[in-house]
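**Student:** One structure, as structure tokens, below. Some questions next.
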């Protein structure tokens, strides 16, 4: 049964990672190696999160043997994993994820961003960039290692070096983890609460529309400028030039309409003359190729996002209109052209849709926001008190210890899963939400570029190990932090003894998570949003004059797009009516002509027979 539980979790996690990759990536256009590396990174990180509860229940006393304690027969938990499996499993998963995050994914990032025209050129660019980047990292790490070894008089062995490397990676991950967790613990419950307020949600959608229109126009202008450069280079380099293959590669990356324009304007009857005007170098063509890839990706993304945002704005406006409906039936401004399925006919009828959109949704979101807020408060309290073992102040440690006393392993696994799932949701959703200009941005509907996909996979691999260690510390399953004499999980056993660097194990790992209180306070008062607003990056702030101006601008843009779509819908309906009317008339007149022709033919045939007679 234990093997079945492990196998089911592996399959579920794989399809979860595959679903997310399909939502954000593009299977048809992106490199197979990029998709594979991202899928593997997400899969391994999600797998760690799902398997940790099984590891905790496996070492909970007396899970390892069937015993009888205080008159209660304690059987092995149904998900018990035999000895020797989890240590090997964690070792393979951990070191594979570290190989991905520190070597393979950074290499693939440089490979995907390279504008070189050959595989060897892309590999060369990626090797040079990573050699510079990791050479700097290695120099800093070796300097710090020598300083720590001399200062603390450490006798370094291979096992000690491995533990120091793991500790350094986890310290860097914990530093970033607390920042993301402090934001997510406040922002996620608040986002659900705000989603229950249709007026504020609609105003924020108008604000997004104004900002997205600016970005859309900027992307179109950037694409026009890049296409002008492509046109100039294409007209300069003729068909028999040695670099013409590079131009053809660039043209294939351009949108179809631009390819047609460039094809019409190109005169290939002029021969190549190396004594004429100077020609662009291959290095400049590589740079232009990179600019074309970026400009086309950004243009396509803004176009898709604009259409999605329009549908969202129209839906929210429909909700606002239907709230005052006396018929209690939801009416869409632009009904779907596709025939309704059986779900819309029998389950999600217009009446059910009205009660959900206008009544139930807001209350469900508010209840969910309150529950998430309670979870966030429990996490903040536990992060600040998990170092205290006498008395036990961490709420999650109290829950796990109560379950251990009753030998309720199902409850242990469920409590561990809910806790670590909430922590991961706060951290991972922040990774999916944040945007660093156009450098890193996870856009749904297959609009995420290869660099951002791999960057997210790299972040997940660096965040997940310290997240799991922090979780084990919160529930007092890590003896390095709790200082309790109990059997360790297989996951902590592969990390080695953090006491090699005692100032990190007894200092940074314990007291740095307390910073989460300050980060939650800063997020609650929107200090980051206010700072970005002061720096000129417009953020949604209800009491700000610039926000009001952008909301009004967005409202006018949505109104204009609604009129445009309404005219298109009216034109389509009129054409459909004319086609139906003329098809009926054509069938009527066609039938009449066929009957008249047949009567005339019969009369002609009878007259011929009479004449012969």
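Each Cβ is built from the backbone N, Cα and C atoms, and glycine gets one as well.
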**Student:** Looking at 72-91, 92-111, which one is transmembrane segment according to TrEMBL?
**Tutor:** 92-111
**Student:** Which stretch does TrEMBL mark as transmembrane segment, out of 131-152, 197-218?
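**Tutor:** That would be 131-152, the stretch labelled transmembrane segment in TrEMBL.
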**Student:** Go through 6-22, 131-152, 164-186 and flag the stretch with the largest number of C-beta pairs under 8 Å relative to the transmembrane segment (410-431).
**Tutor:** 164-186
**Student:** Let me spell it out: take the transmembrane segment (6-22), skip the flanking residues so only those 6+ beyond its ends count, and list any with a Cβ under 8 Å from a Cβ in it.
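**Tutor:** Sequence-distant neighbours of the transmembrane segment (6-22): 35, 38-39, 42-43, 46-47, 50-51, 54, 79, 81, 446, 453.
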**Student:** Quick one: mean pLDDT on the coiled coil (209-236)?
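**Tutor:** Mean per-residue confidence for the coiled coil (209-236): 92 out of 100.
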**Student:** Where else in the chain does the transmembrane segment (164-186) make close Cβ contacts, counting only residues six or more beyond its ends and a cut-off under 8 Å?
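**Tutor:** Same-chain contacts beyond the flanks: 98, 102, 141, 145, 148, 156, 376, 379-380, 423, 425-427, 429-431, 459, 462-467, 469-470, 495-496, 498, 500-501, 504-505, 508-509, 512-513, 515-516, 518-520, 522-524, 528.
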